Amino acid sequence: MDFALYLRYGPALASGFAVTLLCWFGGAALGLALGFVVALLQRLSFAPLRWLTRTYIEVVRGTPFLVQLFVLYDGGPSFGLRLDATSSGILALGIYGSAYFAEIFRAGFNAVPPGQVEAAASLGMAPFTILRRIRLPVMLVAIVPALTNMLIILSKETVVLSIITVPELMYQMQTMAAETFAAFETILAMAILYWIMVELVARAGRVVERRVTAFMTGAA
Amino acid sequence: MKLQVTLDAFPYLLEAAGTTLWISLLGIALGQVIGAAVCLCRVSPLRPLARFGAVYVSFFRGVPLLVQLLLVYYFLPYVGIDVPPLVAAIGSLGLASGAYVCEIFRGALTAVPKGQAEAAQSLGFPPAAIWRRILLPQMLRISLPALVNELILLLKASSLISVVGVTELTRSSHTFAASTYHPLEIYLTAAFIYLLMNLCLAAAGAMAERRLAAG
Amino acid sequence: MVDGALIDKLKRAASRRSVLTAGLAGAAALTGLAGASRPARADTLAEVKKRGELVCATEMEFAPFDFLVNKVYTGVDRDLIDEVGKDLGVKVSYLDLPWTSVLPGLEARKFDFVIAPVTITAERLKRYSFTVPIAEATVALMKRKNDSSITKPEDIAGKTVGAQKGTAQLAQLQEFAKTLPKPVNVKEYVDNNQAYADLAAGRTDAAVGSYPNLAYAAAQRADAFAMVMPPFGKPTYFSWVGRLGDEDRSLTDAISASLVKMQDDGRMAAIQKKWFGAASPLPKTVPAPQV
């Protein structure tokens, strides 16, 4: 083990970590927003739209992220979409995540007992108020752990972006590995840095979980 | 685009997809069992068990699967444990998947209204019956979409097992792309095969969802 | 192996209920593992001969050196190592592994030798042993076939050029770029196949790499790519990789000796003609690192 290596590559790894966080954050925000819209569209009783969103979900969810990134980045220019590597990466992560998030939101909607919604409606609550006060709080309880899972998976999909030269963490570590052939040092850095990132996301998830379940435990 | 490249590669990719499929299915099965067991630990009132569950999820969800595979296959020999490639592949997939499955189950369990279990208890239902008749069916119904997500993710994550020397669909597509210099055609073909497998998983999930909703 | 103090640290960390600390301590224990001195082993060459089999690994994504044709391992490396096998009197078997796991696999003794072509650098010499050259790796340029603005290497001034990270070719490109009137925008790839894809898509204007790799790619995709002649920079060579250590030295030496013998008896020239169209002599000693 050569720990001096970490000093030498420290700045590169740190900047890679920052780029990974940026891509993850951008991709996750885009994916959550897009996923929520897709989940809402699926609830509309307009069949062609339901069919279309279903196809979107199945195709995006069913194919490897690497291929989607490849099509967007290498195939994009042939139909006039020329983005730089990092923007392509964030966009691809957002699209990829949205399919999974849409499914999680759908499950969340299903977890709300219909009786509660009917009761609120009979009390004269407006549909938007029902969404905000009844549906969202109940669905969040059911889906925060699954959302955290997916956010973690998305954070690890960022490694694929190294292929199209996004200077993220994996790219920097592969540079270190290629220049020095230090295999163990690279694997160790990978294990620790990604673990730290995931642990941060998981902890944030647990804080949110405690907050959204507070009303249940408070009532008990 | 050259169609010939796709046609040449197709039979080989299909064969490699067979490896992807059976290893993933075993990984999925192992992941479900581990996930359920770890979830029980995690919600257990016994502190050491709950603690174990938390550490398990943190490690197996936190450390990249690639690293886990490398650890199992290339580091365990240092302490005298030599794991065969297929065991390392299936074991690592199952162990990692278990962490995600545990969290999905746990989320679903929290979402089942507490009053239901309490009501059943006050009516004199034994705990086993409460689990089987009340908690499990609702948990499954709530967790199914996220579970299907996870199964699909696992099937795709199985591409990483090539690091222990198992040739599966992604590896096969890479070697084909590298020898033909037509990556787009080959990767799209591989993606199509992944899509077919995942549509089957999604269809099975949708069927189970309908049955649970009806029951 | 792992000393008691580390295990205690691990336990203490775990009992402090901090998953992160436990993880870090675990990682430290792992480090101890990787660094721990292993018991002396039997000589690897003797072991290979006793077994009657030399197990080699490479990433079969590097035409014309290592690639698969209808699932059969093919290429310069295969032809060379098969001859080495004959010289040593053993059967040769080959494993295809993604590059990430090739070096860890070598360290963990999952196989005996790495037959991937790599260039020797000072940094790499600290960790692995290298054979005498197996092929030339002099830097060359490849462009899009229809791009008439590049006809000689100097024309890349002011353009974007892709190269694989950590390679000697990248280092030579950077040297060469300094001599040009306008700066070259160098884009670094972790995967040379992606560098070709970006060249085809027009994201870069040229790709730099070893002459054999690029010449083969340009011949395979003559519809898309063309070589820019002549190759430039200092002569560079590819070697194979073995473990560093007393018990492994004899194997690396025996393989080097066999490679030199192949140059002397004409087998090397025959393989070079088959794959590169022409034979050229290689150094018969391990070259000093240039980077």
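Note: Cβ is positioned from N, Cα and C throughout, glycine not excepted.
Note that TrEMBL annotation is computational and uncurated.
Sequence-distant contacts of the transmembrane segment (A:12-41), counting only residues of its own chain at least 6 positions beyond either end whose CB sits under 8 Å from a CB of the stretch, comprise 6, 49-50, 53, 56-57, 86, 89-106, 109, 151, 154-155, 158, 161, 166-173, 175-176, 189, 193, 197. Per TrEMBL, transmembrane segment is recorded for A:12-41 (among others).
The domain 'ABC transmembrane type-1' annotation in TrEMBL covers A:17-205.
The list of residues near the transmembrane segment (A:134-155) in space but at least 6 beyond its ends in sequence, with Cβ under 8 angstroms from a Cβ of it, reads 20, 24, 27-28, 31, 93, 96-97, 100-101, 104-105, 107-109, 111-113, 116-117, 120, 125, 194, 197-198, 201-202, 204-206, 208-209, 212-213, 215-216. Residues or ranges marked as transmembrane segment in TrEMBL: A:134-155 (among others).
A Cβ distance under 8 Å defines the sequence-distant neighbours of the transmembrane segment (A:175-196), meaning residues of its chain 6+ beyond its ends; these are 1-3, 5-6, 9, 12-13, 17, 155-156, 169. Per TrEMBL, the feature transmembrane segment maps to A:175-196 (among others).
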